[in-house]
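What TrEMBL says about this one:
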{"type": "DOMAIN", "residues": "3-75", "note": "domain 'GST N-terminal'"}
{"type": "DOMAIN", "residues": "77-199", "note": "domain 'GST C-terminal'"}
Amino acid sequence: MSGKPRLHYFNGRGRMEPIRWLLAAAGVEFEESYLEKKEDLTKLQKVPMVEIDGMKLVQTRAIANYIATKYNLYGKDMKERALIDMYVEGLFDLNELLMKYGYLPADKKEEHFANMMDKAENRYFPVFEKVLKDHGKDFLVGNQLSRADVQLLEIILMAEECKPDTLAKFPLLQSFKARISNIPPIKKFLQPGSQRKPLIREEEVPKVIKIFY
């Protein structure tokens, strides 16, 4: 039996956070090695990197696909998997917008914020509200937890950090959030002291930029 997965990234959210979420939702304990300087990245060449099952995996989507398949978070057949992929791709697009916000210079923030919240509230969240309404089940796909649910919850919470009332017009997403947040391993991940990373603080941005650029 191999040991715990080991995650290589900086000590912050970025593109590793969806992977932390998936592992946590699957109830899998993991260890982390943090990049501190440019040379750490040069040594690894590419991050996020996850050491798991004797492999060193890179590329966020490839890692997430592997974890979702291994821990039964990827639907029960090809049709469900296609829907999960479709939803997750949309969520990755919104995630990029939300993630970028913390790294922008002050003069670019206001415009980006308006665009990002407009897209969240008028393009992305209405789609997922409708999916839940049409599907009529507790989860987005099939009737069991999948990576699409986990990643939608992650995005909802990120959007609410930026704008607390962002779900005001979406009653089904509000109840989805409450329901998924209460699944025991996810509830545990949402407690203080877990491996979930906080929002990046302004003073941390230069350090991260120095590692990557």
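Yeah, the Cβs are placed from backbone N, Cα and C, and that goes for glycine too.
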Helix, strand and coil residues within the domain 'GST N-terminal' (3-75) as assigned by DSSP: 30 helix, 16 strand, 27 coil
Arithmetic mean of per-residue pLDDT over the domain 'GST C-terminal' (77-199): 96
Helix, strand and coil residues within the domain 'GST C-terminal' (77-199) as assigned by DSSP: 87 helix, 0 strand, 36 coil
